[in-house]
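According to TrEMBL, the protein has these features:
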TRANSMEM  B:21-39  transmembrane segment
TRANSMEM  B:51-69  transmembrane segment
TRANSMEM  B:76-96  transmembrane segment
TRANSMEM  B:102-124  transmembrane segment
TRANSMEM  B:136-154  transmembrane segment
TRANSMEM  B:174-194  transmembrane segment
TRANSMEM  B:230-248  transmembrane segment
TRANSMEM  B:260-277  transmembrane segment
TRANSMEM  B:284-301  transmembrane segment
TRANSMEM  B:307-326  transmembrane segment
Amino acid sequence: MADPILSLNGVSKSFGPIEVLHGVDFELRPGEIHALIGENGAGKSTTMKILGGYIDASGGEIRWQGQPVSFASSEEAEARGIVMIHQEFNLAEHLGVDQNVFLGRELKRGWRLDHAAMRGRAAALLDQLECHIDPSARVAGLSVPAKQMVEIAKALSRDLRVLIMDEPTAVLTERDCEILFRQIERLREQGVAILYTSHKLSEVKRICDRVSVLRDGVMVRSAKVAEITEDEMAAAMVGRELSDLYPAKAVPADEVMLEVEGLSVPGLIAEASLTLRRGEVLGIGGLVGAGRTELAEAIAGLRPRSGEVRLMGRTLPAGQVKTAMERGLVYLTEDRKGAGLLLDKSLRENLTLPLLHRFGRVLIDRRAEEAALDKAIADFAIRAPDREMPVGNLSGGNQQKLLLAKTLLSEPQVILIDEPTRGIDIGTKQQIYTLIAELAAAGHAIIVISSEMPELIGLASRVLVMHAGRIVGALDGDAVNEGAIVRLAMGLGESNGEAAA
Amino acid sequence: MTMATTQNNTGRTRGGLNLQVIGPIVALIALVLIGMALNSNFLSYANITNVLARSAFIGIIAVGMTFVITAGGLDLSVGSMAAFVAGLMILVMNQLTTSLGVSLPVILLGIALALVAGLVAGLINGILITRVGIEAFIVTLGTMGIYRSLITWLADGGTLSLGFEMRELYRPVYYGGIAGISWPIIAFVVVAVLGEVVMRHTAFGRHCAAIGSNEKVARYSSIPVARVKLATYVLLGLLVGFAVVMYVPRLGSASASTGLLWELEAIAAVIIGGTLLKGGFGRVWGTVVGVLILSLIGNLLNLTDFVSPYLNGAIQGAVIILAVVLQRKGGTER
Ligand SMILES: Nc1ncnc2c1ncn2[C@@H]1O[C@H](COP(=O)(O)OP(=O)(O)OP(=O)(O)O)[C@@H](O)[C@H]1O
Ligand SMILES: [Mg+2]
């Protein structure tokens, strides 16, 4: 086995008075794919940021090829070939894709920028990633997975020795994941050391050589992937055995809660129709870009649309988010940083934002807000070291839980959830699945949009599949399986009779 | 866990926000101390009242500006808007005097007109920005030019003056007061206190901060973004009208140079007070401190003679830049 290229020796890290990493030992070797797993807030991102030179350790030693080093900045780490892709993207939104890929390392001819060469190389990198976006497109207009691909292209454009990726697959569809894995494997052949985090244990099992488990800032286990089962990984993360991931499915009643008829959004959705019953969990599958998010946003009043939407029998006017919320329909966004949470505000301010009028007539009742936050923290098991901290400093998974709490605060009847468990650890995933099942059992109607097949299959009693802006199929009961969803999602033929209904 | 939470709570306010919170207050205290050392008249009742009364106009406008900036907007037109509203008010009051005589109703009608005119002017800015979707900077740059030119035209390049008797009747609104505190100061205090309460304790204030912080998040949180933004401009316009009501009795006239550069002073006061220029966080009490700092600098230079009052602008400029630098130090390290 090769000697470690980058390692941590008894590293600890404190933010203010709170220590979040306690004496972590860790070794990363060239030519290995190493997974770092752990619950939300366990300290994975923090560990990676220390390795990537983004933040300093409070104690302990970082070693580069056996020699203690300290990186004054991420540039110093990058100069050694250590590149990190963050959980939250680090792209200049208003610049083009090619400009982002070469940001800070622009190719020049003489003193002038060599635009043609940069565009050409960016195009080649994107091609390698089988990502068909225009290298001159502005990043701001790209979808989340496309942005992720740009980040990856950016990393690939450098002289890589160590690649660190924080939950790269959380925002990718299965197909994009496969492409990413091929690239990672190619890099492994070249002797690059790869460290990444993921909450998808099956993926870790399949792709990785080694796995290290963090629990509450302590490295509790490090093992060859071949020597550890998925269940053992989960148990090490959570510190206890986990029961079944998916709860029993509720049986829907007959009463129709939501009816959508011939809904169109110009250029994005064509003639979508669906019905949702009380107590039902309806899944919507499809590739990213198929229009799932747009459909949900259009229903919730966040996008202009044509067509008819009836909520509990009453027509819902288009483009009115507030009315939709007041009548009991809410949408939980997939883009928690861009559209979900105010990252520089506290937990309390985020939680009550959509519903401030319920907290006091004229003046806001601070105590009622605090009580609501107490309840949310308890109900959703949110782990925040400090209630007053900006939510941008919460771990990704805890942000997601807060977003769920915020969206459900108005006690809606119909809930559209987009990627409910993106970036959420397995223990919490189970809690969220249970929560969804309980909501359904209590008579709510829920639509779950997800790129994770097992999630759709495990949660939904019925699954609609979208392709290129259309609902191309409906799968029911036993017909809900991975093969059928994938076939429909790729646009390979309609399913059964009730298809595009 | 809970224990750590509460402890940390206070620790953070003391540590993290330190400079940002107390910076402006320290600067204000320093200015007062310097003033006391330089001139024994500085703390006299007459001087302090004078400084406060004069800063009331900018102050009232700056409170409104705090909301606009907090919600991610900007309004460059307030100075010329004030001049225009003042001119309009004087013209109409002079007209009314001919029919109604020198009487209280004329004053009341004049006040109502100023408030309505300010409100409408704010509404126009707001509609162009939120409904037509033009950049706030551009819209208000445009209306700034328009109002400035309108007042010049109304005054025919000269000065519009309130009739002498009318002026005498209206005078007490600036020069009078209760318990030795003049009306403009009382008005400023009331506006500031209300503003602070609205900003910190009402849904409107929270919504402004949310929109300035991330408009998309605000929209997805079912906040009526356009309406709230519009409301900030209308509020500001209304406060401009209110400031004019206090201003006209002071000189009894308006000209092309009335309210010149008020917009910049108001914006500067807001920023010095710790509100973020890019929006997302605002505090009205900070703005009040900012206004006081700016007017004390001017006052000090007038009272002492080793720095020329002509350098007023330079010193104010330096203070603005310094304030922003200090805030950044306090803000970015996380
Ligand atoms: N800048 C910061 N200030 C204060 N606390 C922080 C900061 N950054 C992270 N933390 C805290 O440190 C802990 C570890 O966070 P980290 O982001 O490393 O978790 P994670 O394992 O990556 O979780 P997730 O799976 O949810 O992304 C969390 O409790 C988090 O709130
Ligand atoms: Mg993380």
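We number each residue from 1, going along the chain as drawn.
Placement of Cβ uses the backbone N, Cα and C atoms for every residue, glycine included.
What TrEMBL says about a protein is an automatic prediction, not a curated fact.
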Please check if the transmembrane segment (B:230-248) comes into contact with the transmembrane segment (B:284-301), where contact means 3 or more CB pairs closer than 8 Å and the residues in each pair are separated by 6 or more positions. no
Seg_contact(the transmembrane segment (B:76-96), the transmembrane segment (B:284-301)) with at least 3 CB pairs under 8 angstroms, min sep 6: no
Can you work out which residues elsewhere in the same chain, 6+ from the ends of the transmembrane segment (B:174-194), have a Cβ less than 8 Å from its Cβ atoms? 45, 49, 52-53, 55-57, 59-60, 63, 239, 242, 246-247, 249-250, 284-285, 287-288
Candidates B:21-39, B:260-277, B:307-326; stretch with most C-beta pairs under 8 Å toward the transmembrane segment (B:51-69): B:260-277
Are there residues at least six beyond either end of the transmembrane segment (B:260-277) with Cβ under 8 Å to its Cβ atoms? List them, or say none. 20-21, 23-24, 27, 57-59, 61-62, 65-66, 69-70, 74-80, 82-83, 144, 212, 283, 285-291, 293-294, 316, 319-320, 323-324, 327
